[in-house]
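Below is one structure, written out as structure tokens; the observations come after it.
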There are 2 protein chains.
Amino acid sequence: MSSHRLTESELIARFFAPLAGEGALGLKDDAASFSPEPGHDLVLTTDALVESVHFLPEDSPASIARKALGVNVSDLAAKGAEPAGFLLSLALPEGWTEEWLAQFAEGLGEASRDFVCPLLGGDTVKAMGALTLSVTAIGQVPMGRIVRRTNAEIGDVICVSGTIGDAALGLRLRKDPAWSESLSREAKAHLADRYLHPQPRHRLARIVRDHAHAAMDVSDGLAGDLAKMMRVSGVSADIEAESVPLSPAAREAIKADPSLFDLALTGGDDYEILCTVPEKKLDSFLKEADSVGVMMSAIGRVVQGRETPVFRMKNSERRYNAGSFSHF
Amino acid sequence: MSSHRLTESELIARFFAPLAGEGALGLKDDAASFSPEPGHDLVLTTDALVESVHFLPEDSPASIARKALGVNVSDLAAKGAEPAGFLLSLALPEGWTEEWLAQFAEGLGEASRDFVCPLLGGDTVKAMGALTLSVTAIGQVPMGRIVRRTNAEIGDVICVSGTIGDAALGLRLRKDPAWSESLSREAKAHLADRYLHPQPRHRLARIVRDHAHAAMDVSDGLAGDLAKMMRVSGVSADIEAESVPLSPAAREAIKADPSLFDLALTGGDDYEILCTVPEKKLDSFLKEADSVGVMMSAIGRVVQGRETPVFRMKNSERRYNAGSFSHF
């Protein structure tokens with residue numbers, strides 16, 4: 001059956017209506033209805049993904065769906081907001097198939113359940129070019145409790161979740177497989193997976209908002225994003241490079257080629273939480289993050305000044321210019 | 001200066017930050033904050049626009065911006081919701097210029113003020129193909145007061161705002177200028193403008209929610225959209241074709257070629273409000289719409305049955321199959 005005999009209504013009913021949250025009116029209306037919890041602010045974010053820019057053409061439909069939702073949920077978590085739902089704009093290129101769409105919807109549904117973020121609405125249109133997706137995610141925080149980028153304070157401890165650099169190394173691996181000959185199979189699989197499947201830290205939302213002065217998600221590289229957060233807070237940062245958390249796979253890659261450490265610090269797509277926490281709340285912060293299964297590492301301090309953050313190594317120090325990484 | 005030397009941050013600061021609403025955190029953060037009015041539900045909608053599908057490559061950047069926001073605000077109005085803000089995803093093709101973007105942002109700002117719908121956030125990425133925009137608009141209604149598509153009741157009067165068919169005739173005019181030789185210059189200008197610049201009926205939001213049982217915006221053609229609304233309400237409709245409001249320009253075109261009446265009824269892009277109103281509220285509804293400067297016409301009745309709505313003409317009746325128009 002030719003995919004082009006499916007009308008937009010049929011496509012929605014078949015693939016997306018099963019994912020619809022309570023306020024979505026079964027995706028049969030022009031718009032969704034959403035009742036915010038009393039005493040809460042909403043947090044709103046939107047991120048677009050374009051084939052060959054934010055993912056690779058050969059990526060599975062389920063992976064693309066998970067990434068599109070995940071990168072948005074990551075933004076919410078960094079603001080201390082629990083996910084409440086999302087809307088999806090999907091521009092499908094010529095030649096899409098029902099099988100592709102079925103797998104995409106299945107992956108989206110799975111991600112939606114994992115991140116506790118139901119589908120509220122969307123729009124499906126014809127792309128003139130590559131597959132292009134845009135997700136708008138809505139989160140909730142108790143009133144006035146959104147965690148901003150701009151409030152880092154001198155003396156705060158700088159913390160980051162998970163491990164850094166895996167996704168950038170994973171992308172490098174895919175673009176240049178020869179480069180990775182020396183890596184173990186496990187390391188390759190780990191890095192490739194981290195590029196494909198960001199793990200938004202939605203479980204940290206409440207913990208971030210109870211402890212952090214400032215937070216953002218690391219999407220454009222730790223060094224560049226840290227520089228941005230310090231700049232808008234009017235401060236600088238002093239980082240122990242050795243404290244930056246690396247996965248065993250990233251360590252293996254960097255051991256084989258030490259120059260890759262710069263890529264790990266400046267490459268994009270980590271989708272980890274970077275935040276600054278007052279010293280007196282640090283123990284409680286690390287403990288609570290651990291209790292929801294997220295490793296959180298203290299990597300340095302917020303310091304006075306306007307300089308680009310410094311990363312101190314054993315025998316040297318490095319400063320990375322801002323804008324070291326950008327999809328645009 | 002080459003446009004490609006602008007980073008995404010600079011682009012946001014220069015063109016979009018001036019449009020940012022209160023909760024947008026100056027577009028300097030990962031996400032916007034929005035405080036819903038107590039006792040209100042949110043209404044959420046998203047619509048994507050793709051060059052050569054939803055607008056023409058030669059359309060002015062300001063027109064494209066106004067249309068992208070307008071079609072979303074139109075959805076909100078049909079649900080009885082006042083606009084509260086919007087997020088924009090913009091996928092810019094190779095070769096965009098700062099001048100294009102400046103004009104786009106200016107048009108967007110003007111539309112945003114006209115529709116009382118501030119910019120809350122966005123994302124700008126590289127398109128792999130044509131210009132692609134996605135807007136998510138957020139509106140508010142008093143709790144439980146969203147107006148659905150599904151609640152049309154037998155005996156309701158079917159009403160439609162403004163005039164029908166202008167945009168479809170305007171598009172036809174642009175695609176086939178020879179066709180319009182017999183039209184006056186004024187008629188041509190009116191029809192072309194209606195395709196370019198939909199006028200969302202945000203001023204009707206409260207009035208629709210105070211009077212209508214069911215409502216939707218007419219984006220895919222009056223006949224098809226009416227059929228959808230009747231189907232999901234489990235009813236049918238009986239329309240006096242002569243009561244369908246036509247502009248003088250549309251009348252002129254249809255007089256020259258009577259077959260264009262079908263195009264007026266089935267063509268897309270009207271962005272008018274179609275709703276069903278109980279008889280006893282009709283006078284008040286028409287009067288209040290008039291008081292905010294919107295013409296509202298009663299065109300028929302909701303009737304029992306499951307048939308496709310009938311349009312009664314002087315000597316015939318017509319039923320239009322659903323899906324008569326679709327961008328997809």
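Backbone N, Cα and C define each Cβ position, glycine as well.
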Candidate from B:ASP176, B:ASP193, B:ASP210, B:ASP217 that TrEMBL assigns to the same Mg(2+) 3 site as B:ASP30, B:ASP75: B:ASP217
Arithmetic mean of per-residue pLDDT over the domain 'PurM-like C-terminal' (B:154-307): 95
Mapped DSSP class for B:ASP220 (Mg(2+) 5 binding site), helix or strand or coil: coil
Candidates B:THR45, B:THR46, B:ASP47, B:HIS54, B:ASP123, namely the binding-site residues, that fall within 10 Å of B:SER219 (ATP binding site) by Cα distance: none
Candidates B:THR46, B:ASP75, B:ASP123, B:ASP269 (binding-site residues) with Cα within 10 Å of B:ASP220 (Mg(2+) 5 binding site): B:ASP269
Candidate with sparsest Cβ neighbourhood (10 Å radius) among B:THR45, B:THR46, B:SER219, the listed binding-site residues: B:SER219
Near chain A - the binding-site residues B:ASP30, B:ASP47, B:ASP220, B:ASP269, filtered by Cβ distance under 8 Å: B:ASP30, B:ASP47
Cβ neighbour count (within 10 Å, all chains shown) around B:ARG149 (ATP binding site): 25
